[in-house]
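Asker: Right, I'll just put the structure down here and ask away after.
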Amino acid sequence: MKSTPPPIKLAHRAVGVMFCANGILYASWVSRIPAARDALAIGEKKLGLVLLGAAIGALLAFRVAGRLIARFSSRTVTWVAASALCFALPLLGFMTSVVTLTMTLVLVGAASGLMDVGMNAHGVEVEKRLGRPIFSSLHGIFSLGGLVGAALGALVAGHGISMRTHLVAVSAALLAVVLHGGRRLLREDMPVRVEVSAEEAEEHARTARLSGRTLEPSPSARSEATTALLGLGAIAFCSSLGEGAMADWTGIYLQDVLHSTAGIAALGYAAYSLAMLTGRFAGDRITARLGEQRVVRTAGLFVTIGLSCALAIPVRLFFFAGVIATGLGLSVLVPVVFRAAGRLPGLAPGAALARIATLSYGGFLIGPPAIGFLAEHFSLRIGLASIVVLASGIVIFSRAAAPRELPAPTATPLPQRQ
């Protein structure tokens, strides 16, 4: 019976702590956005422009994250970025103008973006060495952290505690957590424990005796990996667009189209969030049983069929059932895509994950306003129906999530010393 080395178990817990901390920090700020708006006495239009600062910072970070991970390791990038985020976030409570708040949000977005790519890249490495899927539950832990951060934000805001005090206290507590947890992250030079048969061991020994040669992925392998990365990027974009759109427009659809009360409308987002959380914590077991490609295809069908029924039948019960099916389907897609991108042969995990993160984040940003545009010019039902079309595309691109191994690597002679 295989036993997991203690350092790997500790690394698994540590990367989970990073995901949770990221979720708490993000939700802590989001829960105090109304307070920041009131403090600066600005309207919704100007607030929207201010909030773009975080998006700009994250997108800039995604451009350099892959190179930083390749040079310094995912462990270092995650640890440093998490610490930087804990230092940057409290500054938001001290900003007294639109310009300084926007500039600080760029800094916060950059630290959060680097942490995002770093911890996902580290999660890929930990998952490889554990030998079982953990990615979906890691993203579930992030969602759980978001719920904790949002609940805490609502609690302290309700008791009249200032945004400055709130963000300083949360960031200080989490700084201590990430500094301690970062020490447990996996070191890239840690030996990998792999059990092989006697025949495989002999073959490895025979290969090792071929001095002057290294194995590199063939050009065809790199080409196939690049094509797969494009497909995975399309899945990430479509699923994240759906996530953002469903989060923002579910309640409005219930209230404006199905004529529900404000309380019932709020339950729509609650049902969607609960389905997302449930799906992510169950996702690893489902992926281990079905495999990545079948999970992506099934998830796409869940969204396509569930949301189609919800929009076609103007009954609240059917809409709630469709929302739950959509949440369950969308919940597993991004974790599976990140896992698959980080394991593509011939591509550096950090660089691949940075590209996926860029497309995923882009979809999340574009989704809500795109649905709003369609709702304004046509109807909200047609706007949400666009998610059905994207989900159909996810089914088509599901082959990109299939596991890949290095096919027929070519032997490249090392340069001989003169």
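Any Cβ shown, glycine's included, is placed from N, Cα and C.
This is the feature table in TrEMBL:
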type     : residues : note
TRANSMEM : 12-29    : transmembrane segment
TRANSMEM : 49-70    : transmembrane segment
TRANSMEM : 101-119  : transmembrane segment
TRANSMEM : 140-161  : transmembrane segment
TRANSMEM : 167-186  : transmembrane segment
TRANSMEM : 225-242  : transmembrane segment
TRANSMEM : 262-283  : transmembrane segment
TRANSMEM : 295-313  : transmembrane segment
TRANSMEM : 319-340  : transmembrane segment
TRANSMEM : 352-372  : transmembrane segment
TRANSMEM : 378-397  : transmembrane segment
Asker: May I ask for the residues of the chain that lie six or more residues beyond the transmembrane segment (49-70) and have a Cβ under 8 Å from a Cβ within it?
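Answerer: Long-range Cβ neighbours of the transmembrane segment (49-70): 33, 42, 77, 98, 101-114, 116-118, 121, 348-355, 357-358, 361-362, 365.
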Asker: Under an 8 Å Cβ to Cβ limit, what residues of the same chain, 6 or more beyond the ends of the transmembrane segment (167-186), are close to it?
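Answerer: Distant contacts of the transmembrane segment (167-186): 7-8, 10-11, 13-15, 17-18, 21, 24-25, 28-29, 32, 75, 78-79, 82-83, 86-87, 89-90, 92-93, 122, 125-126, 129, 149, 152.
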Asker: The transmembrane segment (319-340): which same-chain residues, six or more beyond its ends, come within Cβ distance under 8 Å?
Answerer: 120, 123-124, 127, 133, 135-136, 138-140, 228, 232, 235-236, 239-240, 242-243, 246, 250, 253-254, 258, 267-268, 271-280, 283, 286-287, 292, 295-296, 298-303, 305-311, 313, 353, 356, 360, 387, 391, 394, 400-403
Asker: Using Cβ atoms and a strict cutoff of less than 8 Å, what residues sit near the transmembrane segment (352-372) while being 6 or more residues removed from its termini?
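Answerer: For the transmembrane segment (352-372), the nonlocal Cβ contacts are 55, 58-59, 62-63, 65-66, 69, 113, 116-117, 120-121, 124, 229, 232-234, 236-245, 247-249, 334, 337-338, 341-342, 344, 380, 383-384, 386-387.
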Asker: Suppose I define contact as three or more CB-CB distances under 8 A, residues 6 or more apart in sequence; do the transmembrane segment (262-283) and the transmembrane segment (140-161) meet it?
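Answerer: These two segments touch.
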Asker: Below 8 angstroms Cβ to Cβ, which residues of this chain, lying six or more residues outside the transmembrane segment (101-119), approach it?
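Answerer: For the transmembrane segment (101-119), the far contacts come to 15, 18-19, 22, 25-26, 29, 36, 40, 49-62, 64-66, 68-69, 74, 77-78, 80-82, 84-85, 88-89, 91-92, 95, 138, 350, 353-354, 357, 361.
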Asker: Which listed range (140-161, 225-242, 295-313) shows the maximal number of Cβ pairs under 8 Å with respect to the transmembrane segment (12-29)?
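Answerer: So the stretch in question is 140-161.
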